[in-house]
């Protein structure tokens with residue numbers, strides 16, 4: 001991994017104005033016109049994008065090309081990136097074999113359980129947990145930890161991204177840990193140094209520090225943007241304690257049984273690996289088999305269904321051994337890498353995702369793939385990827401944010417924000433008549449999936465005479481929201497709000513957040529259409545990222561009074577739970593730029609943010625801000641007031657958040673091109689492949705190689721061309737939107753024979 005150093009001033013250089021492809025006079029396929037009269041020019045995929053505000057492109061751009069996305073679900077690998085920069089991979093499905101540690105009888109301090117030294121099936125990277133506290137001060141006969149020296153190449157790369165003094169202090173900290181492995185974390189020195197504001201670079205540096213120093217040093221960023229480096233706690237460094245029995249933490253705990261404090265906390269964090277399944281489908285399966293409430297489970301974000309994905313989840317008061325046992329019957333999924341923590345996960349507790357995407361049947365737009373020069377095509381892709389890194393793409397919310405069925409999730413969210421809860425329930429329980437007809441006709445040839453037909457039949461059965469049991473017998477288990485609504489409305493037919501509240505909380509929030517995202521997409525298209533990619537007076541920037549450029553005192557003063565920006569507008573700090581926050585940046589504030597700041601050249605389009613509607617955010621003080629009032633007053637916008645986003649039900653009162661107008665892929669990326677003949681030929685390995693090191697017979701494990709491990713492009717026989725792209729994106733950035741810019745709208749989603757019919 002190669003990291004680029006910051007420029008001397010730490011500022012983004014001014015960029016040229018980027019021309020958009022919103023062109024009313026354009027006639028080619030890649031010119032998307034915002035007028036309804038030109039909708040006939042669009043492909044079905046582009047029409048769906050257009051409906052949710054995805055209507056513009058950024059230039060310059062490499063030569064347009066076509067390809068098929070997700071022909072096999074293993075063509076789309078997604079691995080979550082934690083706030084500290086670590087990419088989540090499934091490494092072990094075994095629960096840790098824990099031993100109890102001795103604690104002071106009158107101490108309420110939690111202690112992390114000890115891992116059995118003889119258990120060789122543990123996750124390779126333990127979680128960060130509080131330092132071990134024992135009644136006798138710890139075992140004095142600790143074995144000195146053997147840690148390797150830091151390679152000169154690693155040191156040089158650290159200097160490029162930090163500085164000589166910081167790296168020297170960092171090496172001293174590492175030597176202190178090597179020489180005194182039994183010391184507690186707070187007994188080692190702490191290193192603080194200035195840090196870049198580029199989140200993609202920050203994540204890479206966090207990960208590099210973790211790799212270079214073997215997870216012995218923790219890295220984080222404080223609210224002043226300073227990089228804080230300190231020793232990891234003794235458990236994270238592999239420190240082993242002696243085995244001893246603990247007294248019960250309460251009278252209901254059996255002697256010798258580990259309590260939650262002994263384990264490390266009441267929340268079990270674990271990795272979920274899934275193939276061709278929704279996140280909620282896996283969670284629902286676990287809750288049924290564990291006989292617990294779905295509210296006990298939390299995750300940072302949902303992942304695509306038609307994909308192979310790996311992410312972290314948390315469960316409240318669920319033992320690792322119970323979850324481990326589910327792997328015996330869990331199909332198409334695995335759980336593992338168990339760690340106990342004192343807090344659960346929330347939506348947004350991630351810094352991004354790493355993607356390995358296979359595009360099949362690639363060709364230049366308007367051309368066949370016969371005789372396609374693989375080397376030239378790869379160079380064209382590399383040029384496009386460099387453009388995504390340097391020039392970016394419009395940071396739209398992708399179609400998956402709005403669902404894949406006829407009733408979009410943002411429409412459900414709109415009804416909720418209008419406090420029309422009956423309409424919201426009706427929307428969730430809607431289905432297409434074609435699906436019902438296909439379910440009721442044995443000889444139907446309509447190409448609709450069996451699950452969608454059963455869903456339509458189940459809802460129809462329930463609506464007809466409210467026979468709940470008969471409906472639930474038909475309804476596929478993955479449709480948990482529909483099942484919850486039918487259960488509640490059978491008991492209380494008029495309590496629509498109560499019915500919505502039975503749906504798992506993260507899913508409820510996604511409905512209203514989807515409407516916010518729809519508004520944002522429309523605002524982003526308008527912003528780029530009206531103002532282009534130049535910075536304009538009244539545009540918003542995040543205060544936390546530009547403190548060094550702002551001479552004013554932002555935020556609350558010593559007396560707690562709110563500060564104002566140069567135009568006299570209050571600077572508001574949104575609630576942290578309502579955005580995809582970074583671990584080191586929970587609360588975001590924004591302010592409007594002055595004319596002087598715009599002319600200074602210190603700000604670029606990559607600094608500009610647009611708000612999602614809410615009661616605790618600022619709107620741009622220019623044409624972009626006016627758009628929110630105009631559009632949100634229309635039926636499509638929900639006939640809402642952007643300045644009145646509080647609701648009677650607190651959960652649906654949206655504080656709002658900010659989102660960058662343009663996004664970029666991470667600094668490092670990889671491109672491979674292959675020729676192939678068989679449509680089922682596989683080019684990448686999944687986590688399960690890598691974990692077991694052997695092939696299986698199912699689709700996800702027929703892999704031939706991994707983009708990170710492959711050598712030069714293989715020239716296998718065949719006249720078809722596949723491209724494998726590996727790159728990283730920040731939290732809540734969509735790979736499909738990056739691919740849209742890369743191909744100029746030429747990527748088509750694979751349509752299986754049996755498509756959805758909800």
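Any Cβ shown, glycine's included, is placed from N, Cα and C.
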TODO: Look up region 'Disordered' in TrEMBL and report which of 1-38, 39-76 it refers to.
DONE: 1-38
Task: Stretch carrying region 'Disordered' according to TrEMBL (options 670-694, 695-719) - done: 695-719
Task: Where TrEMBL places region 'Disordered' among the ranges 92-141, 142-191 - done: 92-141
Task: Per TrEMBL record, range annotated region 'Disordered' [choices 208-232, 233-257] - done: 233-257
